[in-house]
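Here Swiss-Prot flags Thr2 as N-acetylthreonine, drawing on similarity to another entry.
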Amino acid sequence: MTDLVAVWDVALSDGVHKIEFEHGTTSGKRVVYVDGKEEIRREWMFKLVGKETFFVGAAKTKATINIDAISGFAYEYTLEIDGKSLKKYMENRSKTTSTWVLRLDGEDLRVVLEKDTMDVWCNGQKMETAGEFVDDGTETHFSVGNHGCYIKAVSSGKRKEGIIHTLIVDNREIPELTQ
């Protein structure tokens, strides 16, 4: 029998990670799974509230599951990523990254640009890139298979919007994924 009480999907640069938490309130068991792999297992934890901290993804992003009693034997489980609630983390992340999803040569691809470092990730792999200044901004070039790709960065001309990033694959613009 499983004591699965919470499941979260966390989008990081190297992909979307599934975090699952088992809490056996009668057995004292706590188990954390990341992408189906057991990360933490504790038995006989008779203090039923508390927290479990672990790391997720290629960048070893810190994650914490908080276990709080809400009434009697009812519990609330919240996930923090890098010290922020999952909701707040995802809101901040949407400001610091751009994400595109496309199908190329029969394969689903997820391309992520980290705006602060200009690092580009494709399906969990950090890509080798080459930056180039062009008349109206910059282009960050990389390859996926034998396909030429680049992310064009141009000013929106509006302070509130900032820089607009566009993914071009084989001279075709790919729409950005909105969260």
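The backbone N, Cα and C atoms fix where each Cβ goes, and this holds for glycine too.
The number of other Cβ atoms within 10 Å of the Cβ belonging to the residue listed as 'N-acetylthreonine', over all protein chains shown, comes to 8. Reduced to three states, the DSSP call for Thr2 (N-acetylthreonine) is coil.
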